[in-house]
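Copied from TrEMBL, the annotated features are:
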- 64: active site, phosphoserine intermediate (ACT_SITE)
- 64, 281, 283, 285: Mg(2+) binding site (BINDING)
- 377, 378, 379, 502, 503, 504, 505, 506, 511: substrate binding site (BINDING)
- 57-96: domain 'Alpha-D-phosphohexomutase alpha/beta/alpha' (DOMAIN)
- 98-174: domain 'Alpha-D-phosphohexomutase alpha/beta/alpha' (DOMAIN)
- 182-288: domain 'Phosphoacetylglucosamine mutase AMG1' (DOMAIN)
- 302-441: domain 'Phosphoacetylglucosamine mutase AMG1' (DOMAIN)
- 458-531: domain 'Alpha-D-phosphohexomutase C-terminal' (DOMAIN)
Ligand code: G16
């Protein structure tokens with residue numbers, strides 16, 4: 001078998017002088033330099049499965065919100081979680097081994113260290129998004145998987161959350177934790193049925209326009225719609241930016257990242273005042289909402305807003321069901337959360353807020369410690385997770401009145417509607433629609449819950465972003481030396497100022513976030529901090 005590994009690795013040589021890192025969401029860079037990484041990821045996936053006695057491991061080929069010429073790959077743990085951290089290190093190591101023989105030796109060393117019996121089956125589930133480079137990279141991955149002797153289940157094109165769903169379904173099939181049928185149809189049926197039940201006869205007002213970033217979410221949403229109640233009883237959905245025939249249009253002037261970063265609707269949007277719109281990203285694991293108000297002003301309802309909406313709704317339902325004394329809800333955010341959102345959760349909803357570094361894996365872990373953990377990044381990436389004890393409590397709870405039963409039914413349907421393996425734009429927007437329908441709210445009522453502090457997010461290109469090191473959930477820089485003190489000085493000059501800088505884990509840039517009492521102050525602060533970063537980064 002080791003000869004097969006040497007041969008497979010030889011077939012896809014690594015470009016010289018490049019250093020790969022398993023970052024915020026796996027390996028992500030220009031697609032043209034990823035062949036060797038994909039083959040080696042195939043080896044790691046097989047090893048990881050064997051170390052877990054043949055459990056299914058997921059491999060998703062995607063670069064999500066990145067531009068069309070990028071691609072990436074990430075591994076998924078058996079219950080649909082992000083890859084465990086020590087295996088991220090292994091992935092980085094193997095990706096950077098110099099020779100095919102070094103790769104093969106490392107593969108065998110890891111097998112021994114992690115008690116991965118090379119004679120036990122390795123099972124791997126694979127899918128990809130619609131990027132042009134996906135098919136070539138899939139071939140490279142297959143070579144690695146074949147060399148490692150893995151059993152492979154290929155799903156073709158899927159959204160990232162659908163792949164996470166498949167992995168969880170396959171590993172729980174036939175157990176008391178069975179998550180669903182591991183097919184695309186099973187996915188649509190599960191979430192479609194849960195949407196109908198959770199609505200409880202209420203009808204969302206108006207329609208929803210969904211911008212699919214010209215990514216894989218487009219065709220998948222079109223399929224999902226076939227499994228939703230007809231528009232007369234449910235939700236009328238207009239699908240836009242679903243052109244996957246032209247992969248070069250992916251995430252270009254559309255999609256969740258464009259809308260959140262530029263704080264404006266995609267230029268192609270034809271929505272009128274009050275029309276509810278949302279944007280997915282390239283692999284449909286993020287969603288942000290927006291609308292034009294009565295004065296034609298663009299209004300964003302981002303991940304913070306989804307978290308506050310959902311946390312307040314679940315809090316109400318838990319109280320109405322008579323479970324408030326036994327279940328505690330908490331919210332997990334990152335440093336990008338708007339200061340007003342954090343304040344609203346703590347002071348108005350009276351819920352606990354945790355702050356973690358960027359990256360779903362960090363938020364997910366923090367949310368796992370809560371009875372009901374609502375986690376969302378401001379960019380629209382998130383979900384809600386219910387602890388096993390919470391699920392048990394909810395399943396066993398005997399309602400004492402029709403009102404309690406009603407609320408309990410809604411909670412149970414929401415549990416089915418929420419993709420608990422990972423943040424899922426399709427499941428998330430259905431959940432938002434359920435909440436709005438129950439509250440009888442439009443986007444304006446949702447927006448009125450609190451007022452965001454004006455903010456600005458900028459990308460700064462530097463010669464080496466790795467020199468930017470952070471602490472305190474990425475809210476403060478410890479290197480380059482002296483830079484944080486300079487940022488602090490600028491922050492003090494504006495009212496309600498807050499700003500931080502951190503190296504992106506998915507793009508070759510440093511991200512700068514700033515917020516302040518007025519738009520002008522926020523913009524000014526972001527610009528000044530960016531200049532400081534640029535200077536310190538030697539650009
Ligand atoms: C990925 C991660 C997110 C993260 C985003 C940006 O999202 O899954 O947790 O917020 O990248 O990360 P960074 O600021 O480190 O570049 P996606 O949707 O691109 O997979």
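Using the three backbone atoms N, Cα and C, a Cβ is placed for every residue, glycine included.
Location within the structure of each feature annotated in TrEMBL.
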{"residue": "64", "record": "active site, phosphoserine intermediate", "CB count, 10 Å": "29"}
{"residue": "281", "record": "Mg(2+) binding site", "CB count, 10 Å": "33"}
{"residue": "283", "record": "Mg(2+) binding site", "CB count, 10 Å": "33"}
{"residue": "285", "record": "Mg(2+) binding site", "CB count, 10 Å": "32"}
{"residue": "377", "record": "substrate binding site", "CB count, 10 Å": "26"}
{"residue": "379", "record": "substrate binding site", "CB count, 10 Å": "23"}
{"residue": "503", "record": "substrate binding site", "CB count, 10 Å": "24"}
{"residue": "505", "record": "substrate binding site", "CB count, 10 Å": "17"}
{"residue": "511", "record": "substrate binding site", "CB count, 10 Å": "24"}
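The shortest Cα-Cα distance between residue 503 (substrate binding site) and any of the recorded positions 64, 281, 283, 285 is the one to 64. Taken residue by residue, the domain 'Phosphoacetylglucosamine mutase AMG1' (302-441) breaks down under DSSP into 77 helix, 21 strand, 42 coil. Here residue 64 (active site, phosphoserine intermediate) is positioned 6 angstrom away from residue 281 (Mg(2+) binding site), judged by their C-alpha atoms. It is 11 Å from the Cα atom of residue 377 (substrate binding site) to that of residue 285 (Mg(2+) binding site). Checked against residue 511 (substrate binding site) by C-alpha proximity, the recorded positions 64, 283, 285 yield 64 as the nearest.
When the recorded positions 64, 379, 505 are ranked by how far their Cα is from the Cα of residue 283 (Mg(2+) binding site), 64 comes first.
Taking the Cα atom of each, residue 285 (Mg(2+) binding site) and residue 64 (active site, phosphoserine intermediate) are about 8 angstrom apart.
A gap of 13 Å separates the Cα atoms of residue 379 (substrate binding site) and residue 64 (active site, phosphoserine intermediate). Each of 62, 65, 129, 159, 160, 215, 256, 280, 282, 284, 286, 381, 425 belongs to the same chain as 64, 281, 283, 285, is absent from that list, and has a C-beta within 8 angstroms of the C-beta centroid marking the Mg(2+) site. The two recorded residues, residue 505 (substrate binding site) and residue 64 (active site, phosphoserine intermediate), have Cα atoms 13 Å apart.
Binding-site extent for substrate: residues 377, 378, 379, 502, 503, 504, 505, 506, 511, maximum pairwise Cα distance 17 Å (rounded to the nearest whole number).
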